[in-house]
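The feature transmembrane segment is assigned by TrEMBL to 130-152, 172-192, 198-217, 255-272, 278-299, 371-390, 396-420, 427-448, 468-489. Sequence annotations record features per position, and here TrEMBL assigns domain 'STAS' to 540-645.
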Amino acid sequence: MALSPVETPKVEEKVSSEHYEWSQWVLNAPDPPTTWHKLKGSVSNTISQYREMCFALRTRNGPKILLSFLGGIFPILHWAPNYSPTKFRNDLLAGLTIASLCIPQSIGYATLAKLDPEYGLYTSVVPPLMYALMGSSREIAIGPVAVVSLLLSSMIEKLTDPAIDPNGYRKLVFTATFFAGIFQAAFGVFRLGFLVDFVSHAAIVGFMGGAAIIIGLQQLKGLFGINHFTNKTDIISVMKSVWESVHHPWNPRNFVLGCSFFIFILVTRFLGKRNKKLFWLPAISPLISVLLSTLIVFLTRADKSGVNIVRHIKGGLNPSSINQIELNTPHIGALAKTGLFVAAVALTESVAVGRSFASMKGYHLDGNKEMVSLGFMNIIGCMSSCYVATGSFSRTVVNFTAGCETLASNIVMATVVIISLQCLTKLLYFTPTAILASIILSALPGLIDINEAYKIWKVDKLDFLACVGAFFGVIFASVELGLLVAVAISFTKIIWISIGAGTETLGRLPGTDLFCDVQQYPMAVKTPGVVIIRVKSALLCFSNANSVRERILKWITREDAKGKIEGTTGSIVQLVILDTSNLVSIDTSGIASLEELRKSLVSSGKQLAIANPRWQVIYKLKATNFVARIGGRVFLTIGEAIDCNLDF
């Protein structure tokens, strides 16, 4: 029913009153908390949590208080009381399975780190036991990994040549491990895990792929039995070293032996993927390869015919290495840098692996607690002749597939390694180095993820640039430079996104009160004489303020020109509504650019209105009197801004 002329002004007056009230909600909002208040509130919340914890502890007796405190540090106290024989059976099978994979891999990774083979076995004892006490993941298998081993050796051998001074090199490795543990623990204690996130997923994909190729090239020394090989890790130096070795005598028996068992390992892996019940076959194939090849060399005395063998592996329990951690060395700065690099890579790999399997099992994994446990694990490890250990993806997959229930599988694995150190090291004297090379080579395909790189290319070209930068940086320069290139590209992407903050023109969707991008929704209708522009950035600051202002003015100039061509005054822009719903904050440069925009609009007879400003934004606009200079045209919604300015 149509409204009478008498009723219409009342309705208009009611609508205007409502709009005025909504605008006052925006303009009269309380002041947002300052940085000092936020810091104070954070400290207060932390203190209140401790108060609540202390109050809860008061209601308990002494043993319960102690158990609660220890349970927070050692999660094993939570699941151990409910441990059952069925779980132990599953963990025993899983532990034995990953031990059969761990022993040959650990020996190979130790040689990759330019350490004696026993140090790889040492690293598979203490760190897994420590993680079993402090870790919260149920599936992660702890030990040395290829990428960390390569990263350590590539950075530390620049300080000391392991071939000339093995004792000095070993001391630097333990010291770098100490720093890696300190950094990891600090990241967790101070909740700085977000710093690791600057190493993006795309960068890790490229870094892992490049590192896998470099590791593979490094294994050519063992596979071909080359005696003189470069210590550099870039592809040019490695290929040059391989080419030069062609002109020197080399024994093809190393190559034949290594390739034979390499093919054997790949075949067992293929069979394991085809038949899930044979998951144990690819897991034990490296150990079978070591045992069979050692037996062949021993029976045929192939070592006297030019086959390179491991020779002496020191047995016994982990010796103390506290006195080998040198904090007064002139290389302390370089070692701290090495520790930081290694800590970041190890944390990224371990936390990513742990979260992946935790999501499969349906439980939450606290990243900060993981960092603390990994940090203390490496701090204790460096004092017991271990180098940096972390969660291994390949061994974790085997552990998960074998049906592990708890971290007891790590305890079983460490126990088997201890038995091997006590009883089996003498039997490994004749193990050919070509077999260790083939075992490492067989683990590398899992580090090269071409499908993931292709997905990154399809989704985000800048991410792919970080991936490619890390890949080629590792291959043609060095491992640490490749990681630095990836981080630099990631930071450049952040800056690029900030500088390149775009704008979008909005229109009303027919039959609704929604305003959307007219390019994304072509059916959206523009309001004649009104331009609605939204800034596509959370921050209007010195890096993007001028570009945003210029884009807005160019768009308005284009709309005016279009209106003059059409010959209708209603098409010429008279009101510009700036939708600031995306803006979380604005700085003085952003406010200055808005002031310049206002002056440009006023000089051409146009008005500026602000719609839906966030708390920090409206506070700063009021503090600089910008709201007063635009005549108080600040509105809660775009629709309100249009309705209140229809009579301009």
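Note: Cβ is positioned from N, Cα and C throughout, glycine not excepted.
What TrEMBL says about a protein is an automatic prediction, not a curated fact.
Ranked by the number of CB pairs under 8 Å to the transmembrane segment (198-217), the listed stretches 130-152, 172-192, 396-420 are led by 130-152. In the domain 'STAS' (540-645), helix, strand and coil residues by DSSP number 61 helix, 15 strand, 30 coil. In this chain, the transmembrane segment (278-299) lies close to the transmembrane segment (396-420): three or more C-beta pairs between them fall below 8 angstroms, excluding pairs fewer than 6 positions apart. Under 8 Å from some Cβ of the transmembrane segment (371-390) lie the Cβ atoms of residues 113, 115, 119, 122-128, 130-131, 134-136, 142-145, 148-149, 152, 173-178, 180-189, 193, 318-322, 325, 342-343, 346-347, 349-351, all in the same chain and six or more residues away from its ends.
Sequence-distant contacts of the transmembrane segment (255-272), counting only residues of its own chain at least 6 positions beyond either end whose CB sits under 8 Å from a CB of the stretch, comprise 222-225, 278-283, 285-286, 289, 292-293, 296-297, 302, 307, 432, 434-435, 437-439, 441-442.
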